[in-house]
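Summarising the annotation, TrEMBL assigns Cu cation binding site to A:Cys65, A:Cys69, A:His155. TrEMBL lists A:Cys65-A:Cys69 with the feature disulfide bond. What TrEMBL records for A:27-193 is domain 'Thioredoxin'.
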Amino acid sequence: MVMRLLILLVSLLLVGCGDRNWRTAETSEIMPLLDFSLIDENGQAVEAEDYQGKVTLVYFGYTYCPDVCPITLARLAGTLNRLDDDVREDIQVLFISVDPQRDTPEVVKRYTNAFGSEFIGITGELAEIDALTNRMRVTYDYEEPNQRGDYIVTHTSAVFAFDREGGAQFLIRDSHPISDAVADINRLVNDGA
Amino acid sequence: MVSHLFKTPRLLAGGMLLMLITAGHASGQDVQVSNARLSLLPGEQPGAGYFQLHNTGDETAVLVGAQSEAFEDVEIHMSSDENGMAHMHAMEQVAVEAGERFEFAPKGHHLMFIGRKQALAEGEDVEVLLQFGDEQRLPVTFEVVSPAAL
Ligand SMILES: [Cu+2]
């Protein structure tokens, strides 16, 4: 009896921690399905469902960020470069701007093109971006503009991974070795979901 | 790509020598800059300058600013990550003690190059004047690179 309880307890714990055992950080318990109504880099209205069918990596940033955003995207491009071609074909990266005032579709398109064909720029109405970030429980914040009218945007630094149905799976931080990100993305693509 | 990391400093040798000679005696300060790269993407977005400072003198060197004719403004910035949030803020100055090295590196300290006045392509050079607290000016040549090369 005690043994059974113990087994039940252990299995509950395992489920609680997520049963996928990602090397990066599990998100399936804390993040809902990917869901948004935004504008893509070609100026088209898009919904999260439009991106189903491929593994989706999401990064929230802004193009006037000269350091953290391009370095993160470049590192992600380097991560994808380590995957086999057929795996990469099953992956898309959404760079979702949290600064739509400056990041027009044209701007995010030129920006994401610099990182590779898997990278897609997304912008949209601020209210819709807020709906998405609130839903995902991620935040961003504008600082006071300077004399030129430029402003710094504080934003989440992680890359969020979703399965082909838009289900949250894991997030990749800077502190995770690239080899761990490669292993998890590979698994997510190959195991399906 | 990796070779950038070990590239020798591309200073305006003559100008720098003059600076060191003229300023050297007054303040005892010698500053060497190496591996200066300007990470830039196509468009009007600001760029980030990365380099290593080596204070070979016997007094603290204080970087207080920078300017370049290719940009409207150059600011000293620092990026940081706090609880999963990426922050960036401007800094008044960066002090490097005698004998010490200081790295302006991705996701840390950087020069932020704002308002480019001309198109700049990868591989091109940009002249930047680093300004130090004792009025010393150090011209440095930054090579334009893609962030993917860092
Ligand atoms: Cu900056």
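Glycine is no exception: its Cβ is also placed from the backbone N, Cα and C atoms.
In this structure, A:Cys65 (Cu cation binding site) belongs to neither helix nor strand by DSSP; it is coil. Long-range neighbours of A:His155 (Cu cation binding site) (same chain, six or more residues apart, CB within less than 8 Å of its CB): A:Phe60, A:Gly61, A:Tyr62, A:Cys65, A:Val98, A:Thr139, A:Tyr140, A:Asp141. Taking the Cβ of A:Cys69 (Cu cation binding site) as centre and 10 Å as the limit, one finds 27 other Cβ atoms among all the protein chains shown.
A sphere of 10 angstroms centred on the C-beta of A:Cys65 (Cu cation binding site) encloses 25 other C-beta atoms. Annotation note: A:His155 (Cu cation binding site) sits in a strand segment as assigned by DSSP. The predicted model assigns the domain 'Thioredoxin' (A:27-193) a mean pLDDT of 95.
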